[in-house]
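Worksheet: one structure, shown below.
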Ligand SMILES: [Zn+2]
């Protein structure tokens with residue numbers, strides 16, 4: 001068992017939250033009961049996930065996509081009211097960790113993807129959120145590895161026979177970060193989402209491009225964080241996947 005404030009302080013230090021300028025507050029976003037014995041992890045704090053957390057009578061819910069995003073309407077109305085009311089009525093703590101959970105060198109989404117995709121020497125590119133590493137494969141074979149790892153068929157742009165040695169990746173909606181991959185002459189860039197202009201940009205820069213799913217590429221960081229917390233504080237943890245094909 002652990003106190004919710006203690007857990008928040010631990011995560012703040014462990015994930016090096018102060019090092020990030022983020023689009024939403026990292027940490028305890030909605031305060032629930034103070035004693036925590038059970039935790040649930042999930043990708044996004046939508047109503048389906050909150051309802052499952054209530055069914056499971058959990059003490060805390062950990063997500064990658066929480067509340068209070070920069071630029072959004074600040075009022076607590078509509079679906080935001082429904083979600084927050086459900087958490088407060090059931091005394092469930094909501095912890096949200098965004099960029100710190102992409103970047104962390106053990107439990108972060110990008111490191112976790114490297115483990116699942118068999119990428120060697122995974123490391124961030126400078127101070128960007130994009131990572132680089134080495135493989136010895138082809139675009140077609142890598143796409144099969146990704147499909148098996150994520151249980152989702154990725155969108156592939158490029159010749160399947162293209163040999164891959166250096167690859168770059170960034171979980172989530174990082175299609176606009178392809179430049180960082182081009183700058184290091186990567187053979188392939190992997191992220192979650194694709195925009196209309198990305199296939200042409202990739203082709204003209206002679207780089208293969210894979211869109212493996214925003215949700216699918218961000219399932220693993222929050223799970224790894226909660227697995228770590230469950231061992232550290234002797235908590236019961238389960239991951240709940242609310243399927244999302246995007
Ligand atoms: Zn995301």
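Backbone N, Cα and C atoms are what each Cβ position is placed from, and that goes for glycine too.
Bear in mind that TrEMBL entries carry predicted annotations, made automatically and left uncurated.
Annotated divalent metal cation 2 binding site per TrEMBL: 64, in sequence order. A sphere of 10 angstroms centred on the C-beta of residue 64 (divalent metal cation 2 binding site) encloses 26 other C-beta atoms. Mapped onto three states, the DSSP output places residue 64 (divalent metal cation 2 binding site) in strand.
The Cβ of residue 102 (divalent metal cation 1 binding site) lies under 8 Å from the Cβ of 108, 109, 110, 129, 170, 171, 172, 218, 221, each on the same chain and at least six residues away in sequence. According to DSSP, residue 102 (divalent metal cation 1 binding site) sits within a helical segment. Annotated divalent metal cation 1 binding site per TrEMBL: 65, 102, 214, 218, in sequence order.
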Cα distance (Å, whole number) from residue 64 (divalent metal cation 2 binding site) to residue 214 (divalent metal cation 1 binding site): 11
Assigned element (helix, strand, coil) containing residue 218 (divalent metal cation 1 binding site), judged by DSSP: coil
Intrachain C-beta neighbours of residue 65 (divalent metal cation 1 binding site), sequence separation six or more, cut-off 8 angstroms: 43, 44, 45, 96, 98, 218
